[in-house]
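Now, the feature entries from TrEMBL:
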| type | residues | note |
| --- | --- | --- |
| BINDING | LYS3, ILE4, SER5, GLY6, GLY46, ARG50, THR153, TYR159, ASP162 | ATP binding site |
| BINDING | GLY45, ASP65, THR126, GLY127, ASN128, PRO129, TYR130, PHE131, THR132, THR133 | UMP binding site |
| DOMAIN | 2-207 | domain 'Aspartate/glutamate/uridylate kinase' |
| REGION | 11-16 | region 'Involved in allosteric activation by GTP' |
Amino acid sequence: MLKISGEALMGDQGFGLHPPTVQRIADEVKTVHDMGVEICMVIGGGNIFRGLQGSAQGMERATADYMGMLATVMNALAMQSALEAKGLYVRVISAIRMDEVAEPYIRRRAVRHLEKKRIVIFAAGTGNPYFTTDTAATLRANEMNCQAIFKGTKVDGVYDKDPKKHADAVRYDNVTYDEVLQKHLNVMDASAIALARDNNLPIIVFSLDEPGGFRGILSGTGTYTRVHG
Ligand code: UDP
């Protein structure tokens, strides 16, 4: 399971989708798929809309969250299109029914897609407000029997403090779920971490900005942080 935030798709423009960036990430996914790895993805929606922002501006929280989930569908379709342009077979599966643009979520069908080496992109989060796409990624990763969640970020792992602000920040090679929760380390939200912990699903945090980074991690090279039990 590859989890990326919506912001990973916006490039330097601060909002929305930046097609060259989408294509670059699609290249990363393709190189890993070419290794024979079964791969599914969850893409966030923060580059378009976040429920919390909407509710802070007076919108009803649940409605704002549904808008956030819809944003993830747009990102998923953009990624599907970029991957298909590279000759891959891709299915977008939405947790909110919209049969004209995406398949509904049927677990066994999603598993079958993976067996057939199709790339599966899970869209619309968990389908429920008050959750995040990190939790959706963890949920689907458990359901698909994924071996790990790969969380692609802008930094090469989990640090004790923000490495962009503090020159003396130290990166963890390994860190436990409980340490992440106790020290409020910036990996995923607490529900996602707890769900990963309860099912012993490792989370690998790595940099997607590094060309070839995703493939490197799967080949046993490169720097990353492993969150485990
Ligand atoms: N969201 C939701 N339920 C889910 C997943 C997502 O309500 O199961 C909404 C929520 O409003 C969130 C938005 O969709 O703010 C976008 O997802 P997220 O913030 O996780 O995106 P990312 O930060 O990864 O880009």
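In case you wondered, yes, glycine gets a Cβ from its N, Cα and C as well.
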Those binding-site residues in LYS3, THR132, THR153, ASP162 whose CB falls under 6 A of ligand 1, listed in sequence order: THR132
Entry from the binding-site residues list GLY45, GLY46 having the most other CB atoms no farther than 10 A: GLY45
Residues GLY45, ASP65, THR126, GLY127, ASN128, PRO129, TYR130, PHE131, THR132, THR133 binding UMP per the record - widest CA separation, whole Å: 14
Among ASN128, THR132, THR153 [binding-site residues], residue with fewest other Cβ within 10 Å: ASN128
Cβ-centroid neighbourhood (8 Å) of the UMP site, GLY45, ASP65, THR126, GLY127, ASN128, PRO129, TYR130, PHE131, THR132, THR133 excluded: GLY51, GLY68, MET69, GLY125, THR135, ALA136
Inter-residue Cα distance where the pair is SER5 (ATP binding site) and GLY45 (UMP binding site), in Å: 7
Largest tally of Cβ atoms lying within 10 Å of a Cβ, found at which of the binding-site residues LYS3, SER5, THR126, TYR130, ASP162: LYS3
The region 'Involved in allosteric activation by GTP' (11-16), counted residue by residue under DSSP: helix, strand, coil: 0 helix, 0 strand, 6 coil
